[in-house]
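Right, one structure below, let's go through it.
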Amino acid sequence: MAHSCIHWFRKGLRLHDNPALMAALRDCKELYPLYILDPNYTYGGKKRIRFLMGALKDLDCSLQKLNSRLFVVRGKPEEVFPELFSKWNITKLTYEYDTEPYGRSCVGKVTTLAQEHGVEVIYKISHTLYDIDRIIEENNGKPPLTYNRLQSLVKTLGPPKKPIPAPTMEDIKDVKTPCFEQHNKKYKIPSLEDMGVDSTSMEEEQFPGGEQEALRRLDEHMKMTAWVCSFEKPQTSPNSLRPSTTVLSPYTTFGCLSARTFWWRLSEVYRGKKHSDPPVSLHGQLLWREFFYTASVGIPNFNKMEGNPVCTQVDWDTNSDYLSAWKEARTGFPFIDAIMTQLRMEGWIHHLARHAVACFLTRGDLWISWEEGQKVFEEFLLDLDWALNAGNWQWLSASTFFHQYFRVYSPIAFGKKTDKNGDYIKKYLPILKKFPPNYIYEPWKAPLSIQQAAGCIVGKDYPRPIVQHEVVSKKNIQRMKVAYAKRSPHITDSPEKKKGTKRKAPTVVEMLMKKNRRQ
């Protein structure tokens, strides 16, 4: 039977390694590539929306080269699909599996609607290296809570599946995408203004969205074989003037770049050469991504403190002045403020820079909940990923996964290790650029004559530190000690279903979804 099929693009905004798209092309006479702008989904800040629109334009361009095109509609998926099923006489729906709670809930509703309309539903796993549910099954139904445990589990599963090539004209020769007269009016990719984003005041785009840009950047990095083989994440600089890592994270987050393609390209570079290993290697970074995805699927209320069975319950303070100062780069600690300025301007900061500002906000200095930091990163990060954002904030606040709460990043000494002259601070906080290196991390210690010569008086032109790091960090270590003393002795265990409780029978939708996943 020849199908009229919708391929629902969600995070996999690419043609390469897209098994759900290839499943759509099988026995297909009419293909409708669809992207839904969902008002209930968190798209993040204006830079992220610009990245997304760029990715959609690039995807549409690639589809047009195959005599197809992208249909973009706005609305809740459960309201959009019934109309499209009828209007386009759809008999098959394909999509890439999404592990986020909102995505899973949304798909459940759409799958039920598809059944009611007699539409076959097929989904494929390609946003992660592995089938996350399979990893949890291999661990006796519990998510692994340590990286080493995840490594041992995936070792038993073998290497990730190899990526599949993008569809060609040959694959699509018998498939037609109907083109409506009103297409550009009704199904066009919206402009930034349409999305409520004023682009006139935005900085130049450093990381343009799209599959072609993702593959170009991947090629560029894979040519640097010595760098790839010797890459060790902790040895890279959080405050270099140019990124000291690949900055491919926004592209894997949106699925412009397949994680499996990235993995196997690395394997090709590594072959026959001495290279670094997980957790610090580039393969190791992809496994960290997998680790947090697995935790987010297996741990209830993963992005919250309350109701999260593995998260330490901490009596965080509520201090809107401190939170605003941190968010707006007004803490009086130049290293912290420079990082937060880069985040706001560019939408990306180095992994270790994220460590520094997250520790400072939470257990290090300001004693504000990691959930507040999580929200700010949601607003600014280009590579915002629900699972990684929640997981890393729990890690850095020593609430989950990492428990050495007495190891606190210094907002002064940490930056000096890799940038003694403070060039990074000078770039992002030009008000401080005339301070000599021995004062640029602690401008409040500079004699007034030096502050005057630098054209910046601390307390007037640049804020004084909002806390005394040496004092509050010691106090906060004691507060964390108290919080740890109250923890359940089993808090480091993975959550599992209670013994003696009857397992709930899967719904028809869940059984269908599992069956389709195995296909």
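Cβ atoms are placed via backbone N, Cα and C, with glycine included.
TrEMBL labels come from automatic prediction, so no person has curated them.
Sequence annotations record features per position, and here TrEMBL assigns FAD binding site to 245-249, 285-292, 383-385.
Among the features that TrEMBL reports, domain 'Photolyase/cryptochrome alpha/beta' is placed at 3-129.
Positions annotated as region 'Disordered' by TrEMBL: 486-507.
Other C-beta atoms found within 10 angstroms of the C-beta of W316 (site 'Electron transfer via tryptophanyl radical') number 21, with every protein chain shown included. TrEMBL lists W316 (among others) with the feature site 'Electron transfer via tryptophanyl radical'.
As annotated by TrEMBL, site 'Electron transfer via tryptophanyl radical' applies to W370 (among others). With a cut-off of 8 Å between CB atoms and residues at least 6 apart in sequence, the same chain places M305, W316, A358, L361, T362, W393, Q394, L396, S397, S399 near W370 (site 'Electron transfer via tryptophanyl radical'), listed in sequence order.
The feature site 'Electron transfer via tryptophanyl radical' is assigned by TrEMBL to W393 (among others).
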Ordered by sequence, the long-range same-chain Cβ contacts of L286 (FAD binding site) under 8 Å (at least 6 apart) are L129, A259, F262, W263, L266
Same-chain residues at least 6 apart in sequence with Cβ under 8 Å of the Cβ of E290 (FAD binding site), in sequence order, are T128, L129, Y130, I132, I135, L150, V154
Among the binding-site residues V247, L384, the one whose Cβ has the most other Cβ atoms within 10 Å is L384
For S249 (FAD binding site), the same-chain residues 6+ apart in sequence with C-beta under 8 angstroms from its C-beta are W348, D383, D385
Sequence-ordered list of residues in the chain of F292 (FAD binding site) that lie 6 or more positions away and have a Cβ within less than 8 Å of its Cβ, or none, is A387, L388, A390, G391, N392
On the domain 'Photolyase/cryptochrome alpha/beta' (3-129), the mean of the pLDDT values is 96
Cβ neighbour count (10 Å, all chains) around T245 (FAD binding site) is 19
